[in-house]
Amino acid sequence: MTVMYNEKNDFIAWVMSKKNIFILFFILNVLAFSAVLRANYPYRDDVRVVLNNNEEWHQSGRLFSYILSEIYYFGMQADSSPFFQVTAIFVLSLAGLSLLYCFKKDSNCLYLLCFMPICLSPYILESLSYKFCSLWVAISVFILVMPFVALRSVENKKLVFGAAFAAVFLALNTYQPSFGVFLCIFVYSLLVCLRGDEENRFFRRGQFFLALGALTALAAYFVEIKYFFPVTSQWGKSHSAMSGGDLSRLQVFIRNSIVYYHYLMSDWNKSIFEYVLIVNIYVMIIVSIRKIFLKNNMLNGVLKSIAFIIMLFFLTIAPLFCTTFFVKSSLRSKNISCCRSGILLYIV
């Protein structure tokens, strides 16, 4: 318990030592979002919430969002923008700072700028535009970063497992599509391990318990929405039905993956991200060839290169890995926005 307390204080002390950088980060994010705040545009979902005084989140498998909303609004769904959205930006900025703690603890302002896509990518900007769910989206992303903070800070594997279980379970009850953020960060941590950086050796000692905790949380969430709080909203039922047999499930997965890749590449076509991605692939190939032909390291280099390519492919599909198994998967940008930012984070 003393070790856990000291490590928690270490994280808090590190965050406080970076408060000037964090303030700059937060101001830049608010400025980037200022056009949306100025427009003050009511989306269709926002109008429906005000008219019905009900988001139906407890009927869509988002029990934690429902509880937070009842506490925040005292049962009356009133528009509190831009405070609600600015608070969401604050939470996302804190999530970016926490990621920096995980991957580059000894860092400066330049490293923090690498995590700007968490808030500045056009995908996450869309989610933050919705007045009644932007904060819950941001909280779910922040929650999913915490297991990696625990992995860096805590030696006890049981605590890492517990942190992963609690974070994934709460995030699924807050905003299900954000689970892709956890997968993206997890795959990125595996890629960091393949690089063999001594600074990030802590990842190698607890990733199994992270994965086990996440899988257990997924199973617990499935039991929750199946038996305790079933999905009853029309949208939730129509977009959460899974295919029956193994063959049809594979066909649905392939179909949805192709559609998703089409959306992704159409967004990036002839953009700077496309060229940056090509450069990343080129560097990956060169580094892999170099490792393969190092003396006494050929087999290790081949295995690492194969694993690197497989994980790089999975990183692109990770944002929608769960929902690709749904018969009527919602592939609209709003539902995958916070997850695509993970891909941008890796590219940077």
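A Cβ is built for glycine as well, from the same backbone N, Cα and C atoms used for every other residue.
Keep in mind it's a predicted model, so treat the numbers as computed, not measured.
Going by TrEMBL, these are the annotated features:
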type	residues	note
TRANSMEM	21-41	transmembrane segment
TRANSMEM	83-103	transmembrane segment
TRANSMEM	110-128	transmembrane segment
TRANSMEM	134-151	transmembrane segment
TRANSMEM	158-173	transmembrane segment
TRANSMEM	179-196	transmembrane segment
TRANSMEM	208-229	transmembrane segment
TRANSMEM	272-293	transmembrane segment
TRANSMEM	305-327	transmembrane segment
Stretch in 21-41, 83-103, 134-151, 158-173, 208-229 most in contact with the transmembrane segment (179-196), if contact is a CB pair under 8 A: 134-151
Range from 21-41, 83-103, 134-151, 208-229 with the greatest count of C-beta pairs under 8 A to the transmembrane segment (158-173): 208-229
Beyond the flanks of the transmembrane segment (134-151) by at least 6 residues, Cβ under 8 Å: 11, 62, 65, 68-69, 72, 84-85, 87-89, 91-92, 94-95, 98-99, 101-102, 118, 127-128, 159-160, 163-164, 167-168, 170-171, 174-175, 178-179, 181-182, 185, 189, 202-203, 206-207, 210, 213-214, 338
